[in-house]
Each structure stands twice: as C-alpha cells, then as structure tokens.
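For 10-72, the entry in TrEMBL reads domain 'Malate synthase N-terminal'. The domain 'Malate synthase TIM barrel' annotation in TrEMBL covers 164-408. Taken from TrEMBL, the feature active site, proton acceptor applies to 168. As annotated by TrEMBL, domain 'Malate synthase C-terminal' applies to 414-530. If you look up TrEMBL, you'll see 449 marked as active site, proton donor.
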C-alpha cells in the first residue's frame, strides 16, 4: 500500500490543530480523506452542475415526474433493501441535535432508541465545531464522554443500553475550507463521513452497532449512487465487510421524492430507509419552483403535514420503504417545553401528540424529537400504537400517488403581515446565531435550524417575486419587504446582548428577500463569515 506521506503530498490543514485534535487528524486518517477526495470529488462537482441544469429546466416550466428510464426498477417488486442492522431494528423515537459535548451527553442519556448526531443543519460549520464534534464522536463511541461545566459534571449513563448513534454529515453542496487537497477545499460530506468512519467503524461494530449515517439534501438517485460508491471504497480500504455501513436518506427535496425507489435501489445493501425531512421539503418546493406562480404558498403555519402535497409525500415514502423492507421514519417535533405558561405548554404538547399519532397511524416506523422532554410523549404514542419493533409489514397498498399528487399546491391559508414578520424574525434570528457559530436556536419555543430559516427566506423571496397581496390588502413588493426587515432587525438588535450580529444578518438577508438574487443555500452564502483559515500546515507534518 502507498505510504501516508506519499498520499499527503499536496494536502494542507488551514484550521488550528490543538492537542485534543491530534487523535482525529492523524496522518493515516488524513490520507483516507485524501483518497476519498481524489476518488469522488470530480463526480460530486458534476452532480452539482447537474442540479444547475435541472433548475434551469424547472425555471422554464418543466415539471418533475417519475423517470421513464428507471421504470424497470420501480416496477420490479422482487428487490429489497438490506434487513435492519444491529441497533436499527427498533427506531421508534430518535433524538437529533448538534455534536457539542453537552448535547451529545444529554442525547445519549435520553430515553430514546437512536440519536442522530448532526454535523449538518443544526451545526454551524466553524472549524472548532466540526473538529471538536469529531473528538466528541470518538469519545461517545468508546463510552468515555465526560466533562465538567462549573460545578456540574456530565457523563454518559452506564446503567443501561445507550441509544444507537447515527451521524449526519453535511450535504454534497458544502465544502470544508479548512482542509485542502491539491489546492481545492475538501467536500464537507467526505470530511465528516471520512473522519467518523475511519476512527469509529470497527469500534462501533465491536460495541454492537455500526457505522450508521443520515444522508441529507440529495436531489437524485445518482447522488445516492455516489454515496454508495464512497461506502464501498471506505469499507474495502479498512477491510470491513460491504454492507456494514448503513445510510438513512432524508427525502427533503421535491426532486428526490420522484426517485425514492431508485435511491433505495442505489444504496440497497447499505440502505436503512428514508426519512420525511418536512421543513427542508417545503423549502425545496418553494426553491425549485420559485419562478412559477402556481407554487406560491401561504404563511408557513398553514403548510401542515396534512395539506395535499405533504400528505402525498408521506404516503408514498411509507409505501416505498415498506415495499423494499426498510424503515420509513417520520419528521421532527421541534417544540420546546414552555416552563412558565402551563396552558401554552399543554397546547403545544397536544400538538406534538396529534402529530406523532398521525405518523404512527400512517405507518411510520419511528419519529424525531428535538428535546429530551418530548421523548416521553413520542414513546407513549408509538408504544401504544406500534407494539412491534417497526411496521415494515404495513404495506400501504391502498396508496396510489402520481405526479399531480406530489405537485398539488392546493393549500388553504393566507399570506399575512404577521406571517411575513415571523419569517423575518426566524430568518434573522437563525442567521445571527449561525454567524456566531451556533447552528440551532430556540425561537418562540421552537428549535429552529437551517431548514426553517430557509423556508422563511424562500417564502419572502417568492412573495415579493410574484407580487402577492396580504390578507390585509398590502402588496408585497421590494420596498415593503425591506421596510419590515429593517423594523424587525432593529427590534431584535434592541433586545440582544452587546456585540450581536443582527446588523450583519440583516445585510445578508436584505439581498435574499427582494425577489431578485437567490442563493442556493443560506449556509453557503454565510460560510465565509465563519471560516478561520490560517496559514497552511502540510498534513504530513501534523
């Protein structure tokens, strides 16, 4: 085998490397990342170009449909995904959150079945967050995660089996600018996946689970094929049996909804199912059809899981997964307990119960919560209505979903000034925190992450672009949007600590809500604000 020193020629680390990072950024681990980059980055960039071509078609009014060239895959009832892996048979309640040390301890100590440690939408990808997150994953897999914060000591419970750990790397579109290979940044996806897999794959298997991942933001089965190729090379490289890795794909783009069968097919031996990423899915519908006036949606609060296009998406996902023998995971309950208002808290928790009841009755095999306090509610509902470890036997053969169902924008509701201000508050609040390196933010007793901020700014852009009129009779144009933005930014800054970033957030946001410029992702737009690129350190010298 070629030596690490030879492979690492042309590889540089531009982020600060502390003593605690040495066990992660080893020459062998960096050589593995380099191999992944050189093997797959060209394909990744081609797939991103393909997204642009597809967007240009959508802008011209071409609507997505099920692919004729893969009809044979959809129509063949005999192929299946992999049987559930150890620790993934029963996933009835999953908790999600960023990879900071305190969150990881609290999540692993929660009464849930699995924990998705998130390097993506609930993490701002500062170098410290990403590399410290890898340290925390290393320690979590080995059950040696503990630390003190003031007088309080945090450590993982040892009196019971811990939730199965699943890691979500960043999407294909994001880069990690603090590591360069041959003069270009490494993919954020490959960086997050590669470091976690290289250090923890064998250790995870030894402890009764395995290297498990959530795969975000995909727009086609070809992007799933790339992940499968990455998985195969990674397993071969370290001498692990193919099929040990498992990936659950978040169906959070409207284009991926038309390719669910194909996505599972591409990942067959590595598939652990699909998940309904509800907020990103709504964001994707607005984003992809932003030039089409037939896709204008009302206030975010009106776009519930029971409106036609969301209901169709859920039914098709469950039917597809169960036909292929893999899990169909439900969506996020983002509520946070309201400690000082019992009536408001009771109402919010009743909403959680209703949502989880809808999911389990529809046939989902599990659901997500953002806060440990919601785990008991979700568990109670799923335990009562799902006495088996999953519902793979519920085939949903009553379901017949076509193109028109997935694109049915008959959504009752209005566009209101209150809805505009809420979107501005969420967008500004999230972006301000993100620029400070915080990736999930409690706003109005909901845990908001990048997906909800994306819905907020995309709706504002869409409403201005198509000149909608609010329920109050006001035409939503550029001047009106910028006026309300200025008011909300001033109000938020007034109540925020000294040194807040609301001015900078408003500056970025103002370019995104006028129906003109539209960044592909807020995270890409803001990324340079949180990079701390220093002088290059050759990877071979670390």
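Heads up, the Cβ atoms here are built off N, Cα and C, so glycines get one too.
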Rounded to the nearest Å - Cα separation of the residue listed as 'active site, proton acceptor' and residue 449 (active site, proton donor): 14
Secondary structure tally of the domain 'Malate synthase C-terminal' (414-530) (DSSP, helix then strand then coil): 70 helix, 8 strand, 39 coil
Secondary structure content of the domain 'Malate synthase N-terminal' (10-72), with strand meaning DSSP E or B: 41 helix, 3 strand, 19 coil
Proximal but sequence-remote residues of the same chain as residue 449 (active site, proton donor) (Cβ under 8 Å, at least 6 apart): 121, 122, 279, 430, 439, 440, 441
Mean of pLDDT values spanning the domain 'Malate synthase N-terminal' (10-72): 97
